Ligand code: ATP
Ligand code: MG
């Protein structure tokens, strides 16, 4: 029997409530598909500040590194907003990404059939099914390049530089090609190779790498065109590969296609199979402790974990199907629609388990 060690970082606000429901669902699929999950818990963010005086205790890094994968709720809240930047809960999040070497960020743009009406896109644009995965490079490019200010022609000039090494492009491209192999063998690499030198190296490197993946259908699009195509013909995409800054913008655009923030999962991956999985939404302090948060983004993060880190794709698919089934009749308040049953956070977790059985 396969055994997995999962480190839980429940975090702040609604974090503990939504992670508890995701654990409930993970236990249900583990039972059904015959694998075992052991849990460890560690502190991150505000809860770590309160207990240990730092948003990222060393013990948390050690526990995450010792695990097969990490499931994170969300961090932050008004209680810690006045702290200086480096001491805030969000610094813990950046810190753990760095400590685990998470250079690849995966954000799906999915429309769940029962929630089609929440999407800002028209039905005919959505088509039968919409399921796009944006793979964004997270630790290089213009956000980390040389920057500064200098004098030029008697006035102030500012500059930021886009830099990528071949090795950095290769390792993110590998994640995207591997993902394409696990999905529909279709990959779109995004760049601005008509203008930027870093983009030309990006494109050359991706083409070189594609020789190792002859089954994957690869095409290249400029970023401006991609932004446009995402809203007029999103069905053409399956996996999108982008650098850091283009991915920042495109992944936000892509995720809003779904129209429901409480539904979207994400993953950050490293060179090893160790990944960190979390909902894209924040800690929602305004609704914390009321058992009304939508746990589905976290439950779907568990599905991503099963697919991309733990090699249990059948269990992952079962969760996705169960979520679709439950949504047909049941909604948490954030996605409530007249005529459906209004359910709590914990009831939603129970319903997904029941649909799995
Ligand atoms: P961040 O922590 O990334 O800065 P934020 O504060 O901008 O996030 P969120 O914490 O995601 O935003 O909350 C934005 C709004 O969405 C809030 O009103 C919150 O209640 C709501 N929200 C976020 N996640 C959920 C969820 N899982 N279920 C229900 N409502 C949610
Ligand atoms: Mg916030």
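In case you wondered, yes, glycine gets a Cβ from its N, Cα and C as well.
Worth saying up front: this structure is predicted, and the values here are computed from it rather than measured.
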Problem - TrEMBL substrate site partner of 97, 136, 224, selected from 88, 107 - result: 107
Handout entry: Alpha-carbon spacing, residue 89 (NAD(+) binding site) to residue 97 (substrate binding site), which is rounded to whole Å
Key = 13
Exercise for the section: Looking only at C-alpha atoms, tell me how far residue 143 (site 'Important for catalysis') is from residue 288 (NAD(+) binding site), rounded to the nearest Å. Expected result: 33
Completion exercise
Same-chain neighbours of the Mg(2+) site, Cβ within 8 Å of the mean position of the Cβ atoms of 224, 248, 252 and not counting those residues, run in sequence order as 223, 227, 245, 246, 247, 249, 250, 251, 253
Completion exercise
Looking only at the domain 'Isopropylmalate dehydrogenase-like' (5-352), mean pLDDT returns 95
Practice task
Taking Cα atoms as reference points, rank the recorded positions 85, 192, 248, 252, 292 by distance from residue 224 (substrate binding site) and give the first.
Solution key: 192
Fill in the blank from the handout: Sequence-ordered list of residues in the chain of residue 136 (substrate binding site) that lie 6 or more positions away and have a Cβ within less than 8 Å of its Cβ, or none, is 104, 105, 106, 107, 242, 243, 244, 246, 247, 248, 250, 251
Exercise for the section: Work out how many Å separate residue 85 (NAD(+) binding site) and residue 97 (substrate binding site) at their Cα atoms, rounded off. Expected result: 16
